[in-house]
Amino acid sequence: MEGALSFFSPSPFSSNRSNLCLPKKPLSQFSSSRASIPKVSPLARSSKRTRKPDVRISPKTAERSRISRPLDSEKINIQKLNAEVSPHRAVSAVRLLRIEQGGAFADLLNEKGRKAAENEMSYVERTLGFRTRDLDDRDIRLILRIGFFEILKLGMPPYAVVDENVKLAKAALRPGAGNLVNAVLRKLVSLKVRDCMLHTAFALITVLYFYFCAFLFSPFFLFQEKDSLPLPTLEGDDRAQARALAVIHSHPVWMVRRWTKFLGQEEAVRLMNWNNSDPCFSLRVNTAKGFKRVDLVNRLEDLMVPYELSSCMDDFVRIHTGMQIVIQAGLLKDGICSVQDESAGLVVSVVGPQPGDAIIDCCAAPGGKTLFMASCLRGKGTVMAIDINRGRLRILKEACKLLNVTNVVTTTHADLRLYAEKHNVKVDKVLLDAPCSGTGVLSKRADLRWNRQLEDLEQLKHLQDELLDAASMLVKPGGILVYSTCSIDPEENEERVAAFLQRHPEFVVHPVHPYVPPDFITDKGFLFSNPVKHRMDGSFAARLVRSLDYPC
């Protein structure tokens with residue numbers, strides 16, 4: 001776990017949206033398991049317990065001391081935490097805090113902690129999907145998520161999970177927090193033993209928390225404990241049913257209501273079930289280094305990793321299990337393949353990169369589409385990758401070296417809107433993979449569902465319009481502008497394109513029929529991948545051509 005904690009640096013790993021005050025001392029608190037951990041001798045512990053400080057505390061100060069402060073470095077016994085709490089679990093708790101309250105990118109945290117244990121980021125990425133309500137002490141919720149994931153998904157021994165997470169709660173928060181974590185996790189274990197269905201697990205944290213808070217100290221509770229927890233029933237008006245579905249399927253209420261409106265309740269439930277299922281991953285063979293899909297298939301067969309060939313992309317292979325085997329075998333590190341969803345590959349197909357093209361990828365990082373387009377150029381042409389996040393551009397630069405495409409890829413750290421105004425650049429093809437709600441990738445980005453609010457959509461739509469206007473300035477007459485998102489919301493997709501065409505009559509829609517299979521083409525000639533129907537991430541892309549009759 002060496003270097004796993006350098007993400008405490010304020011930039012670029014902290015979000016501008018929130019100023020999360022991280023503790024200054026816990027660098028040693030959450031130290032590497034390989035580093036030397038200071039231990040307290042029994043004598044020192046004994047003296048520490050019996051020694052009474054010669055300090056008088058006022059009643060007001062004593063009252064304030066009983067109010068919990070999340071991860072307060074002044075109250076944490078660092079030596080005790082180092083000695084008793086698993087560093088993996090401690091890092092996971094802090095990273096969940098960084099992602100949820102600080103808006104940090106999970107992949108950036110993973111990049112800085114890539115030498116940590118294999119399951120470390122799995123804790124972070126998969127536990128974020130559990131449905132919880134706002135608790136007074138948010139950090140208890142984070143610890144519960146870790147415990148739930150370990151019991152329900154990793155299949156770890158329940159006694160060990162309960163013990164370790166109770167230690168973490170007591171050391172990082174307060175003794176009372178450990179008691180609550182102990183009660184909730186033990187209740188979960190008892191229900192799991194009673195053949196608790198896994199698909200209801202996403203609602204358990206919510207129900208368990210209020211269940212214990214309301215009845216834990218009630219004599220009636222001691223004698224009337226039920227064998228199973230009650231789940232909400234689909235009764236009442238649309239609002240009431242949406243609230244029930246939100247708890248059952250672990251999605252925000254606003255998202256459930258929106259999908260029910262656009263898709264209908266039955267299709268919305270299918271979509272939520274897809275988001276809560278274990279995702280499958282796609283591997284794209286790296287043709288820039290001379291590999292073919294048959295080479296990747298042979299390696300997977302040697303490793304005994306089950307796979308299936310993509311039916312819509314020639315360079316892609318799907319795997320449902322065995323990703324850790326692929327990583328440990330060095331297939332990614334050696335540049336044989338990259339992890340990329342087929343939906344992202346379809347967007348690149350809509351761009352249609354050809355040798356000799358000059359291409360700009362406007363919001364490029366972390367660079368999956370940039371790398372795919374670069375490999376399609378076969379060493380002839382250029383791809384300029386522009387992004388506002390310097391840290392993610394660094395990841396892209398490293399990936400370019402690994403995949404042998406540095407000769408065609410250049411990176412530019414800039415705000416696209418300012419760059420387009422200041423530089424008179426015109427190229428053949430421009431890809432704008434715009435920031436969006438990410439509702440098409442919730443099966444792999446479980447944090448997004450909780451980091452998005454309904455109010456965010458208005459801000460995102462305004463940003464998408466601004467970026468589209470800026471990207472259009474970079475397209476030469478007769479050139480191509482591709483607008484894409486990983487959203488399934490029509491307001492971020494078709495409606496943004498329609499609004500853009502009203503502002504820019506020099507652009508017209510070019511149907512994507514020659515570039516992708518018919519099953520992915522909408523009535524208006526756009527690309528759309530449906531997560532439930534196509535069993536891949538949801539995505540959208542519109543191919544627009546700039547007329548030769550309009551001056552630049």
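The backbone N, Cα and C atoms fix where each Cβ goes, glycine too.
Those TrEMBL annotations? Automatic predictions, nothing curated.
Record features, source TrEMBL:
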type	residues	note
COMPBIAS	52-66	compositional bias 'Basic and acidic residues'
DOMAIN	271-547	domain 'SAM-dependent MTase RsmB/NOP-type'
BINDING	Cys363, Ala364, Ala365, Pro366, Gly367, Gly368, Lys369, Asp387, Asp415, Asp433	S-adenosyl-L-methionine binding site
ACT_SITE	Cys486	active site, nucleophile
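Everything TrEMBL records as a feature, shown here on the structure.
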residue : record                               : contacts (Cβ under 8 Å, 6+ apart)
Cys363  : S-adenosyl-L-methionine binding site : Ile386, Asp387, Ile388, Leu416, Leu432, Asp433, Ala434, Pro435, Leu467
Ala365  : S-adenosyl-L-methionine binding site : Ala385, Asp387, Asn389, Arg392, Leu393, Ile395, Leu396
Gly367  : S-adenosyl-L-methionine binding site : Asp361, Ala385, Arg392, Ile395, Leu396, Ala399, Cys400
Lys369  : S-adenosyl-L-methionine binding site : Ala344, Val347, Val348, Val351, Asp361, Leu431, Asp433
Asp415  : S-adenosyl-L-methionine binding site : Ile388
Cys486  : active site, nucleophile             : Ser343, Asp433, Cys436, Gly438, Thr439, Gly440, Val441, Asp537, Gly538, Ser539
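Put simply, the two farthest-apart Cα atoms among Cys363, Ala364, Ala365, Pro366, Gly367, Gly368, Lys369, Asp387, Asp415, Asp433, the recorded binders of S-adenosyl-L-methionine, are 19 Å from each other.
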